[in-house]
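Swiss-Prot has this to say about the protein:
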BINDING   96, 97, 98, 99, 100, 101, 102, 103, 104, 105, 106  ATP binding site
């Protein structure tokens, strides 16, 4: 029996729409992510689901992304003339769906990593990552890697998708604390994409390029202040903030508390705030708990960058 954990991720990081993503883990040691267990059985295939958010999953197993990941992986095995083994997959669904924390990516990554290890790793990291992107595309409508890449590989990942590479890891600031606040409401990726304009002004395009280029440069040259200052979003946040509760007010409030940058995690509704120390992170977390959460399903976690990514649990 093998259990694989895949951590939560925050895509875009304000400045890198569809091109940046970061894996995160709570500093208290709790698991913010999905777990998939795999074990051999006598015959056939079985899929079971447990966990706090299991009630949010599709009722039909064929619509479960874990099942679809199993089917895709099996198809790729057949192309290599490898025998399909009878097995059971159990998804522990700990991530809220439509949260902006890479919920579907967690399930996809944990499943494919578990299957690859179960079959003695017939596929390379890039081959597995390509499958992950394809499965993400089935949910959001287009292939993208900004959640699955950091969830799988850890760290901050920049999507390059050229010269045989899907992504490259960026050097980052390990002293930063990531405060993640999920308000307890759902925003679908498809809905969040539909609200974006079909075209952008020349000035917005120039600003976006300047911000992203400067951010990447600042990461490589270890300029914290410049990196934080350039975490600005002219592509998605001005349009998506209408989907989030009291976003502008909350964003200003955490800035006043001393956070370096804040924004929408992925397509929302989770919000992230980056703090330079634990004291400011704690103050920001308390404020967000009292002013951003909308119901009992909401939560706030103080996190650090998860540099490991998907891994086996002992």
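Cβ coordinates come from backbone N, Cα and C, glycine included.
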For residue 102 (ATP binding site), what is the tally of other C-beta atoms lying within 10 angstroms of its C-beta? 32
How many other Cβ atoms are found within 10 Å of the Cβ atom of residue 104 (ATP binding site), counting all protein chains shown? 22
Name the secondary structure element type, per DSSP in three states, that contains residue 106 (ATP binding site). helix
So what sits near residue 106 (ATP binding site) in its own chain, CB-to-CB under 8 Å and at least six residues off in sequence? 6, 7, 8, 9, 33, 34, 95, 151
Looking at Cβ-Cβ distances, which residues of the chain lie under 8 angstroms from residue 100 (ATP binding site) while being 6 or more apart from it? 10, 11, 182, 187, 264, 265, 266, 267, 268, 269, 270
Cβ neighbour count (within 10 Å, all chains shown) around residue 96 (ATP binding site): 21
Sequence-ordered list of residues in the chain of residue 98 (ATP binding site) that lie 6 or more positions away and have a Cβ within less than 8 Å of its Cβ, or none, is 186, 187, 188, 189
Within 8 Å of the Cβ centre of 96, 97, 98, 99, 100, 101, 102, 103, 104, 105, 106, which other residues of the chain have their Cβ, at the recorded ATP site? 8, 95, 147, 266
